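J.: First the structure, which I've put down as C-alpha cells, then a few questions once you've had a look.
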Amino acid sequence: MLAEFAPTLLPSWLYTTLPFWPLLGAIVVGIMLAVGWQRHRTYWPVVLGVAISAVLAVFLFVEIGQTHAPPPSETEVGTWSESTERAAEVGETHTIFRWISFGSQFWERGWWIEVNYFFDSLTAVMLVTVALVSLMVVIYSIGYMRDHHGEPERGYERFFAFMGLFVFSMCMLVLAGNFVLLYLGWELVGLCSYLLIGFYYKKPEAAAAAKKAFIVNRIGDFGFALGIFALYTYISPLAGTNENPLDYAVVFKYAAELTQGQLTLVSLLLMCGALGKSAQFPLHVWLPDAMEGPSPVSALIHAATMVTAGMYMVARCWPIFSASQAALTVIVVLGVIGAFLAATMATAQYDIKRILAYSTISQLAYMFVALGVGVPDSAIFHLYTHAFFKALLFLCAGSVMHAMGGVIDLREFSGLRRILPKTYWLTLIGC
C-alpha cells in the first residue's frame, strides 16, 4: 500500500483514507436517522468528515508542492522524497488493493481492476480546491437549511447525507488512477447531483430540473464510456502482461504509439463526457435549470466540483488530447461559442442564480479555450480561482434569498447594502 510513496508530513496510509471520511459521515447520518437521533445535530458527522478530508488535502498539496522548491542542503534538517518529486513531475500510480480479477485458462493473460490513486500536481490542486470549497459549503449549509425560527427543514438529514456522498464521489474521481475508477466516480457525481438538484422534489420545477440534468449528462456520458472502450481496445495489444491497459500510467506510456485517427476518435469521445459534465455547448442546457436546488448545492456543484470535472478530465488526459490537433481545434471552437453564448444570455436574465449559472458556463468555456490552445496550466489556474469566487457569489446569493424571503428577481432588490452590509462586501469581493 503506497509502497513507493514516502511523504514526510503525515503517514502514507492517512492519504489513502482521504476520500472516505465524507462517505463515513454520510453513513453515520443514515444511522442517526434510523435510530431517531435529534435532527438538528445530524450535520456534524458530514462536516467533520469533510473537514478531515480538507486537512489531508492541504497536507498532500504541501507535500507535493515542496518538490518544486530547492531540496534542503546536507546541513539542514529534513529529508527529500524522491517519490513525491516524481509524482509532481510525471505522476505516480499507487495501488491500494486489487478489487476484481477475472480470466480463465483459455485466455493468454488475466485481467484485473485495481483501486489505485494517481498522485501529481494536478491531483493536489484539484483535491485542495474540492475539499476546501466543500468544507465551506457544508458549514454554510448548517444554518441555510433551517427556517427563520432555527428549525431544520424537511429532509435536513437527507441533505447532509447526499452532500457527504457527493464529496466522496468527487474526491474519488480526482484521485482515481485508472479509467474504471474515474468512470465510477464520474457516474456517482452525476447521481448525487440528481439527488441534490431535486432535493425539493415536491416542487415540480425542481423535479424537472433534476431529471433534465440527469438525462443530458447521460448523453455525454455515453460518449465518455465509448471513449474508454476505444482506449481499452487500442492500448490492450500494446500493454505488457503485467500492465493494466486502463491505468493512467500505462495509457500515457503507449499513447504516442496510437495512430492520429485513433487519438482523434478517443479524444472526441472523451470530450463528449466533458461537455456534458461541464455544461458546455451544446450540452449546456441543464445547468441554468439546476438552480432550482438549494443555494449550497449550486455553490458546490456549479462552482468547484461537478462542472469542473469535465475540464479536469481533459487536463488529466492531456497526453492524449495534445497529440490530436483536430480534437484541440474542436475544443477551441466549442469553447468560443459557449463563452459568447452564455455571456450574452446572462445579460437577459433577472434571476440572480441563473445569472451566476450562465456566468459559470462562460467561465468554464474560457478554460476549455485555454486547453484547446495548449496551455493547460492556465486553465487549471483559472479553475482554482473560479471555484472560490464563484462559490462565494452563490453563497452570497443564498444570503440575499434568505433575507428577501425567497425572492430572486433582481428587479425587486433595492437598498440591500444597508440591510446586508457583510453580504454586500463579500459579493463585491467575489465580483
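For all residues, glycine too, the Cβ spot is worked out from N, Cα and C.
Predicted automatically and left uncurated, TrEMBL annotations should be read as such.
As listed in TrEMBL for this protein:
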- 112-160: domain 'NADH-Ubiquinone oxidoreductase (complex I) chain 5 N-terminal' (DOMAIN)
- 176-430: domain 'NADH:quinone oxidoreductase/Mrp antiporter transmembrane' (DOMAIN)
- 12-35: transmembrane segment (TRANSMEM)
- 42-62: transmembrane segment (TRANSMEM)
- 117-139: transmembrane segment (TRANSMEM)
- 159-177: transmembrane segment (TRANSMEM)
- 183-201: transmembrane segment (TRANSMEM)
- 213-235: transmembrane segment (TRANSMEM)
- 321-343: transmembrane segment (TRANSMEM)
- 355-375: transmembrane segment (TRANSMEM)
- 387-408: transmembrane segment (TRANSMEM)
J.: Within the same chain, where does the transmembrane segment (321-343) have neighbours whose Cβ lies under 8 angstroms from its own Cβ atoms, ignoring anything closer than 6 residues to its ends? I mean 6 or more beyond.
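T.: Beyond its ends, the transmembrane segment (321-343) has Cβ neighbours at 255-256, 258, 260, 263-264, 267-268, 270-271, 275, 280-282, 284, 314, 358-359, 361-362, 364-369, 371-374.
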J.: What does the DSSP secondary structure composition of the domain 'NADH-Ubiquinone oxidoreductase (complex I) chain 5 N-terminal' (112-160) look like, as residue counts for helix, strand and coil?
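T.: Residue counts for the domain 'NADH-Ubiquinone oxidoreductase (complex I) chain 5 N-terminal' (112-160) by secondary structure: 29 helix, 10 strand, 10 coil.
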J.: Same chain, outside the transmembrane segment (12-35) by at least 6, Cβ under 8 Å from its Cβ: which residues?
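T.: For the transmembrane segment (12-35), the far contacts come to 1-2, 5-6, 41-43, 45-50, 52-53, 56-57, 59-60, 96, 117, 127, 134, 157-158, 160-168, 171-172, 175.
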J.: Against which stretches of its own chain does the transmembrane segment (159-177) lie, if we need a Cβ under 8 Å and a gap of at least six residues from its ends?
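T.: For the transmembrane segment (159-177), the nonlocal Cβ contacts are 18-20, 22-23, 25-26, 29-30, 33, 42-43, 45-47, 49-50, 53, 93-95, 114, 116-118, 123, 126-127, 130-131, 134, 137-138, 141, 145, 153, 184-186, 188-189, 191-193, 195-196, 199, 247-249, 294, 296, 300-301, 305-306, 309, 312.
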J.: Between the stretches 117-139, 183-201, 355-375, 387-408, which one has more Cβ pairs under 8 Å with the transmembrane segment (42-62) than any other?
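T.: When the Cβ pairs under 8 Å are tallied, 117-139 comes out ahead.
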J.: Which one of these stretches, 117-139, 183-201, 213-235, 355-375, has the most C-beta pairs shorter than 8 Å to the transmembrane segment (387-408)?
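T.: Ranking 117-139, 183-201, 213-235, 355-375 by Cβ pairs under 8 Å to the transmembrane segment (387-408) puts 117-139 first.
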J.: I need to check the long-range neighbours of the transmembrane segment (213-235): which residues 6 or more away from its ends have a CB within less than 8 Å of a CB in the stretch?
T.: 179-180, 183, 186-187, 190, 193-194, 197, 245-246, 250-251, 254, 258, 262, 265-277, 283, 285-287, 289-290, 320
J.: Give residue numbers and ranges for long-range contacts of the transmembrane segment (355-375): same chain, 6 or more residues beyond its ends, CB-CB under 8 A.
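T.: Distant contacts of the transmembrane segment (355-375): 274, 278-281, 284, 287-288, 290-291, 298, 302-303, 307-308, 310-311, 314-315, 321-322, 328-339, 342-343, 345-346, 349, 382-383, 386, 390, 393-394, 397, 410.
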J.: Restricting attention to the domain 'NADH-Ubiquinone oxidoreductase (complex I) chain 5 N-terminal' (112-160), give the mean pLDDT.
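T.: PLDDT averaged over the stretch: 88.
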